[in-house]
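As given in TrEMBL:
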ACT_SITE  Ser201  active site
ACT_SITE  Asp359  active site
ACT_SITE  His389  active site
DOMAIN    119-272  domain 'Alpha/beta hydrolase fold-3'
DOMAIN    329-392  domain 'Alpha/beta hydrolase fold-3'
SIGNAL    1-17  signal peptide
Amino acid sequence: MRLLSLLLTVSLTLALAYYIYIPLPDAIQQPWKLMILDAYLRTAFHVASLKQWLGFDHHTRSFRQFTFGFEGILKEFLSTESSAGAVPGVKVSDISFAGIPVRVYEPPAGGEGHLRRGLMYFHGGGWALGTTKKGPYDITNRMVSDELNTVVVSVEYRLYPDVHFPVPYLDCLAAAKHFLSPEVLAKYSIDPDRVAVAGDSAGGNLAAAVAQEISVDDSMSVKFSVQALIYPVLQALDFNTPSYLQNQYIPVLYRTSMIQFWLQYLNIDLSLMPEFLVNNHSALQHSSLTPELRSRLDWNVLLTQKYKKNYKPVIVEKGSEGFLKKVPGLLDVRAVPLLAGPEVLAKCPRAYILTCEHDVLRDDGLMYVRRLQDAGVAVTSDHYEDGFHGCFSLTSWPLEFDVGKKALRGYLSWLQNNL
């Protein structure tokens with residue numbers, strides 16, 4: 001009986017280790033911590049999918065609940081009620097800007113007698129997950145408000161499956177225009193020459209798109225002075241860039257996961273994922289995808305050899321017939337900021353773009369760095385060789401990564417010096 005119990009224990013331990021273990025690059029520090037986080041997320045996704053199959057709820061809503069529950073378990077360490085998250089004196093208000101829910105963080109220094117910085121933040125999560133009111137986003141925005149004497153406005157834009165593109169973008173744009181109005185800036189004692197827009201991942205996509213639109217809108221008397229993009233997702237036409245292939249199995253954002261986020265956002269049938277994996281959706285036969293547009297995301301030109309390595313472009317002659325006409329969002333700069341023309345980019349604000357070596361979105365960010373620079377925009381490219389997608393938000397114990405703390409400190413330092 002004891003032998004049977006021992007064999008069972010050993011078998012379960014080995015099975016658990018097999019489930020958790022995934023090979024990671026040597027450059028990634030604290031690999032087992034990342035593996036355990038990834039195992040939890042994979043398990044949550046499978047359970048959420050099962051709940052949808054059983055007819056209980058949409059898998060995305062269920063997955064959200066699992067992530068919120070995980071944050072609840074770690075509340076002592078990650079929530080604003082913990083010593084790690086609490087920032088004494090920061091005033092937090094949940095209100096709305098132009099009908100869009102936002103959370104406003106006002107620094108303890110107040111605005112009496114002097115003007116303060118302003119920053120609007122769009123959270124990540126594939127346009128489907130995330131919230132401004134819990135966990136890392138709340139902690140980071142409190143930190144920015146306190147350390148940089150900044151009024152931070154974090155936007156709770158609507159998410160999939162309730163909405164698709166362009167609704168999240170329009171929510172963010174409406175909130176941004178309200179924030180930049182002279183009346184609102186005066187109300188919060190914000191210097192109109194020191195207002196930033198920032199976001200990570202899908203939030204970086206929204207921040208880049210909103211910054212572009214505001215920069216060319218002549219009706220706006222106040223515009224963003226800087227933009228800070230944290231591993232932004234910027235294009236959906238080439239899922240075979242070097243970083244997509246190199247990092248396709250690196251957590252916490254797999255190549256197939258990012259494609260699924262795009263399909264959901266643009267309201268495309270998920271069964272078409274195989275077409276996107278091989279770039280059939282951007283085949284040469286599509287006349288609407290002109291050579292000029294292709295050049296705006298040609299990584300073979302925009303990336304240096306260090307990042308191109310030995311990868312070759314995947315160019316399809318004939319793919320899905322009429323696909324781009326059926327899904328115009330694939331060529332809409334409001335969804336795909338990397339496709340913006342040089343005349344638009346030239347008007348964009350100074351930029352900080354953070355990229356991670358072990359992230360499928362690395363090349364999206366690096367290509368945008370090059371395109372902005374070519375358009376004459378001053379850009380700070382902050383690349384982390386030991387970074388992975390999501391590390392920026394993993395800065396509090398027990399989900400504390402050294403590279404995450406470095407990335408967060410780099411972001412804060414840049415804002416301190418440039419905003």
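Even glycines carry a Cβ here, placed using N, Cα and C.
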Average pLDDT across the domain 'Alpha/beta hydrolase fold-3' (119-272), rounded to a whole number: 97
DSSP-derived helix, strand and coil totals, residue by residue, for the domain 'Alpha/beta hydrolase fold-3' (329-392): 25 helix, 19 strand, 20 coil
CB contacts for His389 (active site) [other CB atoms within 10 A, all chains]: 27
CB contacts for Ser201 (active site) [other CB atoms within 10 A, all chains]: 29
